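> Let me begin by handing over the structure; questions about it come next.
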Amino acid sequence: MKSLHIICLLFIFVARGNSRSCDFCHNIGADCEGFQHECSSPEDECGKVFLEISSASLSVRTVHKNCFSSSVCKLRHFDVNIGHDSYIRGRINCCEKEPCEDQSFPGLPLSQPNGYYCPGSLGLFTKDSTEFEAICKGTETKCINIVGHRYEHYPGDIAYNLKGCISSCPLLSLSNATHEENRNYLEKVECKDALQFEKQ
């Protein structure tokens with residue numbers, strides 16, 4: 001399932017982080033087992049991230065443990081409406097010592113369209129995937145556009161992009177370009193006011 005591959009690779013904030021050692025693993029489901037690896041600045045906090053991609057009655061969750069920067073840890077959570085009743089959601093929990101506690105996924109609110117829309121897309125192996133209209137709901141009045149890549153030993157650089165409606169703009173910094181293995185890098189982070197449908 002392409003969406004499953006996307007969510008496993010999507011988490012654009014996962015990065016290796018000083019001399020602290022943290023668990024490193026990825027898996028489908030609620031937990032994973034991997035190995036300890038040393039962090040390097042500025043990603044010097046241990047953390048656990050849950051990602052969920054949901055579309056209608058189908059939802060898939062993945063877990064990611066790694067070293068994170070303080071800016072990512074402060075993000076705590078995000079919910080992006082990518083259109084077609086589909087969401088990408090994340091819950092981030094960082095801690096001084098392993099194991100980090102979990103954050104729960106509350107159910108999505110039954111929100112109604114609010115008269116705004118954004119370009120929506122979720123792409124893997126491309127930085128410019130086909131856009132469609134994401135109808136914003138509830139408190140979603142911002143458009144998010146994130147582009148990045150992750151370098152793996154095989155198949156190499158994996159580009160990805162994410163666009164959709166969001167309730168507030170996250171404070172994220174661009175990453176320095178590099179080809180270090182098992183790292184994610186942000187190349188573009190744009191957040192602006194959502195577009196408003198013309199009143200009939």
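Think of each number as a place in line: the chain as shown, counted from 1.
Using N, Cα and C of the backbone, Cβ positions are placed for all residues, glycine too.
Pulled from Swiss-Prot, these are the listed features:
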DISULFID  Cys22-Cys46  disulfide bond
DISULFID  Cys25-Cys32  disulfide bond
DISULFID  Cys39-Cys67  disulfide bond
DISULFID  Cys73-Cys94  disulfide bond
DISULFID  Cys95-Cys100  disulfide bond
DISULFID  Cys118-Cys143  disulfide bond
DISULFID  Cys136-Cys165  disulfide bond
DISULFID  Cys169-Cys191  disulfide bond
CARBOHYD  Asn176  N-linked glycosylation site
SIGNAL    1-19  signal peptide
> Enter the number of other CB atoms within 10 angstroms of the CB of Cys25 (disulfide bond).
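14, counting other Cβ atoms within 10 Å of Cys25 (disulfide bond).
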> Of all the disulfide-bonded residues given, namely Cys39, Cys73, Cys165, which is spatially nearest to Cys118 (disulfide bond) at the Cα level?
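Sorting the disulfide-bonded residues by distance from Cys118 (disulfide bond), the top entry is Cys165.
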> Go through Cys100, Cys118, Cys136, Cys191, the listed disulfide-bonded residues, and name the one with the sparsest Cβ surroundings, counting other Cβ atoms within 10 Å.
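Selected from the disulfide-bonded residues Cys100, Cys118, Cys136, Cys191 on minimum Cβ neighbours within 10 Å: Cys191.
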> Take the C-alpha atoms of Cys191 (disulfide bond) and Cys73 (disulfide bond) and report the distance between them in angstrom, rounded.
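Between the Cα atoms of Cys191 (disulfide bond) and Cys73 (disulfide bond), the distance comes to 19 Å.
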> Is any of the disulfide-bonded residues Cys67, Cys73, Cys94, Cys100, Cys165, Cys169 within 10 Å of Cys46 (disulfide bond) (Cα-Cα), and if so, which, in sequence order?
Cys67, Cys73, Cys94, Cys100
> Per residue, counting other C-beta atoms within 10 angstroms of the C-beta, which of the disulfide-bonded residues Cys32, Cys39 reaches the highest number?
Cys39
> Between Cys95 (disulfide bond) and Cys165 (disulfide bond), how far is it from one CA atom to the other, in Å?
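That comes out at 29 Å between the alpha carbons.
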> Could you check which of the disulfide-bonded residues Cys22, Cys39, Cys73, Cys100, Cys169 is the closest Cα neighbour of Cys143 (disulfide bond)?
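So, of the listed disulfide-bonded residues, the one sitting closest to Cys143 (disulfide bond) is Cys169.
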> Between Cys39 (disulfide bond) and Cys94 (disulfide bond), what is the CA-CA distance rounded to a whole number of Å?
14
> Take the C-alpha atoms of Cys100 (disulfide bond) and Cys94 (disulfide bond) and report the distance between them in angstrom, rounded.
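Roughly 6 Å, rounded to the nearest whole number.
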> If you measure C-alpha to C-alpha, which of Cys22, Cys94, Cys136, Cys165, Cys169 (disulfide-bonded residues) come within 10 angstroms of Cys67 (disulfide bond)?
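Final answer, ordered: Cys22, Cys94.
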> In angstrom units, rounded to an integer, how far apart are the Cα atoms of Cys136 (disulfide bond) and Cys169 (disulfide bond)?
14
